[in-house]
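Scroll down for the structure; my scribbles are underneath it.
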Amino acid sequence: MMAAEAGSEEGGPATAGTGGAAATGSSAYPAACRVKLPAAPPMAVAPCPGLADTDLAAALGGGAASGSGFLGTGPVSGVLGGAALTGGAAAGVAGAAAAGPAGDIALTKGTLSLPAETLGPGGGFPPLPPPPLLPPLGSGLGTVDEGDSLDGPEYEEEEVAIPLTAPPTNQWYHGKLDRTIAEERLRQAGKSGSYLIRESDRRPGSFVLSFLSQTNVVNHFRIIAMCGDYYIGGRRFSSLSDLIGYYSHVSCLLKGEKLLYPVAPPEPVEDRRRVRAILPYTKVPDTDEISFLKGDMFIVHNELEDGWMWVTNLRTDEQGLIVEDLVEEVGREEDPHEGKIWFHGKISKQEAYNLLMTVGQVCSFLVRPSDNTPGDYSLYFRTNENIQRFKICPTPNNQFMMGGRYYNSIGDIIDHYRKEQIVEGYYLKEPVPMQDQGQVLNDTVDGKEIYNTIRRKTKDAFYKNIVKKGYLLKKGKGKRWKNLYFILEGSDAQLIYFESEKRATKPKGLIDLSVCSVYVVHDSLFGRPNCFQIVVQHFSEEHYIFYFAGETPEQAEDWMKGLQAFCSLRKSSPGTSNKRLRQVSSLVLHIEEAHKLPVKHFTNPYCNIYLNSVQVAKTHAREGQNPVWSEEFVFDDLPPDINRFEITLSNKTKKSKDPDILFMRCQLSRLQKGHATDEWFLLSSHIPLKGIEPGSLRVRARYSMEKIMPEEEYSEFKELILQKELHVVYALSHVCGQDRTLLASILLKIFLHEKLESLLLCTLNDREISMEDEATTLFRATTLASTLMEQYMKATATQFVHHALKDSILKIMESKQSCELSPSKLEKNEDVNTNLAHLLSILSELVEKIFMASEILPPTLRYIYGCLQKSVQHKWPTNNTMRTRVVSGFVFLRLICPAILNPRMFNIISDSPSPIAARTLTLVAKSVQNLANLVEFGAKEPYMEGVNPFIKSNKHRMIMFLDELGNVPELPDTTEHSRTDLSRDLAALHEICVAHSDELRTLSNERGVQQHVLKKLLAITELLQQKQNQYTKTNDVR
């Protein structure tokens, strides 16, 4: 049994690892910090100072013992630590030893061994909250200059059963330390794998992990301390000790290298700032504030703006915000345990007895300073019969010894004996708190004025230099997207995100943009628009990636541009001044077809597209070994480090991720800039094909490096393009058949910037109508006019689409009721009449919403519809339906029905529809399109004839709706300014002119009226090319 205090407090060995016996095995540490270590040989145990002979005899279990501190006078058994070592009638535990010859103490009937290196949670700086939520195991991190920082993606918060163990804090924490001195200390240690953590001397409040690698290079990794958490390499930890434990036992810091040897400071460092509450406070609901009592002690983690601080309350272990007006500094001379709920630093021994007997219950406890040995502590514990005391001795290496066991903190001792018996049949339960919180405080504080001051403080200023803020969707681990609140902080180039704007204090995560690139994400990758990704790039091969989505294309573009300005790779790109040349690269890929894919591996092949090693897009799956995709992918404003594209082929299955089977790579340097390359690429295989040829893939690629001069250089070029006759536009339309989509996009942005989009669209539409002989084939072909109209509608009518469709589509997504009418697709015993009734109900609600949404369409778009109606009426005056059908062909065929069929592409939903919902959306789109065409279902789809009564009853309303859309006779004034990069758009159009200069030259010799304009265009194109070369030379000189 462990002897309690009698006349003197129980002693114990003072030095760990020399003369004291420490318990070994898993019971010596909390379960979450357990690690197996090799056992050292049995060691001699030195007698403890102040331990009476009778106490020693009882502690060793040598027979009957008596005294006021014991439970009885007969044989005694005690439990302290879980390892029973017996040496007589009594069973003694917790480092029990027996007196041997010459006064030495030898172990009896058991072996106590001391680990060569005692590991456990840190007991010094910083605080040790519960274990962190660990990310998946990963490869190493890259290194950065200390002025930079290193971070990565947020991982989903989930409990991972990985034990984290680290040496005590005093073995690796050096406090504020110069970089040069840190490197000297590591080199003096002389072992690769040596490490230390220090506070950055360049960025106070941040920490640096300094590590000596196998190449004898000292690498410095910045650790971002934020509201009690610690971020490094995309991973978040609750303490520096957990971070050390993770990179010691779980993951590599550099490729193949872990933390091995802590380098201790010359003497232990304790530099945490502590403050004490001078007044009580009750938190404001739904904030990150914490409530506290007068006298509570806090550890300060972050000093935020406007007097706010992020702290841990030592009494409750709660973290949150407090304001500095309610606290006072705690000096270094005060005991570091002040503020802990179990610590009583200013009461006597008798007062401790009285508290336990009056306020406490059986198994209650408290800790106070030792009366007999300054610097030591006594743990007071109440049993059924009496109060027992146990001595706690600090050791020179900043640990604490009790009963022959070594711990990293008194808190660890308490945690241990909450789980293990401290006396047979007893565990520590509830501590007795201090009874008079005000005894150490100045009672003359003017609380009223302080509280009034706090009410005037704002928490909006926690983060300095906020460049941009707002909500974005962020992709989680699976297919879920979550709406989070983001702050782009400019001073430290960090993107910080939170659960909501109301709780924008403690981050959910952060990304250090100085080691990042921003990549576009094609709509095909997630089946939704407006996505982009931030790639955290390390020296290791693995990338950490964050995916985001904006509500609109403009929002996504704004965020991308804002983020790119702080990415280190962007900062290094040449030409940031308005008076210098900018360079922007882009890539257009057409995945056309594959030939002779291996039959064994492909039934439903699809392609994944990568820029370098980052996936940015994918095609649809197609059937067979000779699939045809004919899909286009445009990647704009590429990061400057992109030097190749890769295409892999996978086979579509029901698995969450299909493995890549075949692949091809192409260096961008192979492609002629500004020209389309059409080539069959031989495929290589990731798996053995056993003599089978992997096949080939046809890809058309166009890589362009845009050299963008200041906007004023393009003034004459712009005037020529904007001439109301549109001769240049017609000529480019003639020569740019394969680049039609790109040409349309550039022209639309230029004309939108000049508020001349109606001139462009109406003129091209009129020309299309004038050239068409058959009313039934009008706008059926894909032309520059139809492409421009489609792009313009998607750019301006998003609000209309959401208002008209979102509610109905969300109901379809949630419903389990089928709308299937086709006999070949009906399930057994499925009632087709029930399905039809459900379909008609959906159609009625949806069409009603569409009819009521006409006023939401932009007035300029409605004016263009009106111009279309006038033009077709003039061309076909006897055709009464053309004015209706020409508008429905754009509004429904190219806008509403595509949004119904694929609502993710229009950002209406975030998850893929179920098979039932997908089929319902198809039937709804089919029915709505027939209604818009004013056509009933016939013999081709007889199972759909049940929808005909609905179509008949709504034909008149459809005609009225479409006529109303075009009822804007005058071009409306608009105050909206198109947010485009005009100089870039003009430069891109100039590149198209350069690429097609030969065709334009041929055309200028054929077209009489346009001849003068085209020759002028060619001359301006050549002049701009010369100016561009001059800018390039100037940039090279600089």
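Including glycine, each Cβ sits where the backbone N, Cα and C put it.
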According to Swiss-Prot, which listed range is region 'Disordered': 1-24, 361-384, 409-432?
1-24
For the domain 'C2' (568-681), how many residues does DSSP put in helix, in strand and in coil?
7 helix, 56 strand, 51 coil
Is it possible to list how many residues within the domain 'SH2 1' (172-263) are helical, extended or coil according to DSSP?
21 helix, 36 strand, 35 coil
Sort Ser822 (phosphoserine) into helix, strand or coil using the DSSP assignment.
coil
Rounded to the nearest angstrom, how far is the Cα of Ser822 (phosphoserine) from the Cα of Tyr606 (phosphotyrosine)?
29
Please give the average pLDDT for the domain 'SH2 1' (172-263) in this predicted model.
88
Quick one, of the modified residues Tyr606, Ser822, which Cβ has the fewest other Cβ within 10 Å?
Ser822
Can you tell me how the residues of the domain 'SH2 2' (342-432) break down into helix, strand and coil by DSSP?
20 helix, 29 strand, 42 coil
